[in-house]
Amino acid sequence: MDSIVTTEDTIAAIASAISIGKGGVAIIRVSGKDAINSCKKIVQTKSKYAWESHRVFRGFIQENKQNKFIDEVLILVMKSPNSFTGEDVVELHCHGGIIIVNKVLKILLSNNSRVRLANPGEFSQRAFLNGKIDLTQAESINQLINASNARSAELAFSGVQGEIKKKIDDIKNDLINQLCEIEARVDFEEDFTDFDYTKYLKNIKKVKEKIELLIENAKRNSYIHNGISIALIGKTNVGKSSLLNLLAKKEKAIVTNIPGTTRDVIEVNLTINDIPMKIIDTAGIRETHEQIESIGIKKSFGKIKESDFIIYIYSLEEGFNEEDKKIIQEIPKEKLITILGNKKDLIDCKNINSNELKHTILMSIKNNDGERLLIDTIIKKCGLKQVENINIFLNDRHLTNLSACLSNLNDTDEIIENKLPFDLLSIELRDGIQNLSKITGQELTEELLDNIFSKFCIGK
């Protein structure tokens, strides 16, 4: 994206979805000081409300000076500062379809040398630069547009309403209060009694708990928006493909009694309990000299690294043996994992070793016995059991800055513990406040802002 825009430019773009190609209405948005005049050049209207702010009126798009009309439109005018961008904004509501809306946009641009096509996210960027929204609200708008499920949309909308900023400002105000007390002591030390380190540490602990809760929620709501990738891992013929078919409610993978039937990765996207999940069926892991099967097994280990969650499946008929233990040792310790003992219908569960039962979900995939328990276990281990308590969506940028702030606060603990110079507390608190300010967009470079908004769609 180009460098930060100036209000000398007037920008235009299609603001409605056109990927399907057809629709009842398509919208062109125009923003800038020439927005109204540029639209007047291509619109003919007899409405008495024409070009008044916050009025909708009817008009016709004129292709040339011979009064050839190509579409009948509704025009909505929003004059500065009472618009999304804070500038003069005009919206042309055309008939839907790629052909007509592209033609209207082309006529608008060709008749106005001071109007150019908007860059991705440029309308939202102008709204941010003009103080109409903070950066978290702008990002939440983009998140809302790209929401993959209803719960993700709810979280994004809370950000649009300013809920992220409220939480960040609350933490920031706590730190500002601590900073004021410390800097007053540094500047006017003779006017203060001994500093109450215990009280300070208690206050900072409360702030850290707020940040840690936000960070923990950020990891959970990433699952809500992006989904949980779940790899089905195990030896051959333990029921991985059967479990994939059960969860998908249709036959996605071939199931036979022949070991090594699944030789490649099969992925299925599902939504379970309003949470998107990608179930990945992998080749059974075993010693083999068959080249194609070996490639599939290598891919299985690759999917272990890529996935958020591992379901390790073994056969209760065979029991959990040394070969299973060896495979599980290859799974990184930080991975979320649950162990599933399949084929419970073929054995007497009373004969299973009690230590084995402690960490195993018993299931008969063939008889659909245990599916609910498996799903509940996945949701619980991913921290999504109380998903209704997660009320904002935090992205990776927010998480990075929150983690940096938490690191600053941990450093203040070390300063006190090691009896380092008192003014170092002030430095760390200032850095922590600055990291929080970056979240809402108060401490960001132009280059970083450009990068953030370039990920938005063109009409937003």
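Numbering starts at 1 and runs along the chain as displayed.
Yeah, the Cβs are placed from backbone N, Cα and C, and that goes for glycine too.
Mapped onto three states, the DSSP output places LYS132 ((6S)-5-formyl-5,6,7,8-tetrahydrofolate binding site) in coil. Marked as (6S)-5-formyl-5,6,7,8-tetrahydrofolate binding site by Swiss-Prot on the basis of sequence analysis: ARG29, GLU91, LYS132, LYS460.
The domain 'TrmE-type G' annotation in Swiss-Prot covers 227-383.
Within 10 Å of the Cβ of ALA283 (GTP binding site) there are 27 other Cβ atoms, across all protein chains. In the three-state DSSP assignment, the secondary structure recorded for ALA283 (GTP binding site) is coil. Here Swiss-Prot flags 237-242, 256-262, 281-284 as GTP binding site, drawing on sequence analysis.
Secondary structure at ASN237 (GTP binding site), taken from DSSP and collapsed to helix, strand or coil, is coil. Summarising the annotation, Swiss-Prot assigns K(+) binding site to ASN237, THR256, ILE258, THR261 and lists sequence analysis as the type of evidence.
Around the Cβ of SER241 (Mg(2+) binding site), 23 further Cβ atoms fall within 10 Å across all displayed protein chains. Taken from Swiss-Prot, the feature Mg(2+) binding site applies to SER241, THR262.
Recorded residues GLU91 ((6S)-5-formyl-5,6,7,8-tetrahydrofolate binding site) and SER241 (Mg(2+) binding site) have their alpha carbons 52 Å apart, per Cα-Cα distance.
The binding-site residues shown are ARG29, LYS132, LYS460; of these, the one with its CA atom nearest the CA of LYS240 (GTP binding site) is LYS460. LYS460 ((6S)-5-formyl-5,6,7,8-tetrahydrofolate binding site) sits 42 Å from SER241 (Mg(2+) binding site), counting Cα to Cα. The two recorded residues ALA283 (GTP binding site) and SER241 (Mg(2+) binding site) have their Cα atoms spaced 9 Å from each other. In this structure, of the binding-site residues ARG29, LYS132, LYS240, LYS460, the smallest number of CB atoms within 10 A of the CB marks LYS132.
Per-residue confidence over the domain 'TrmE-type G' (227-383) averages out at a pLDDT of 79.
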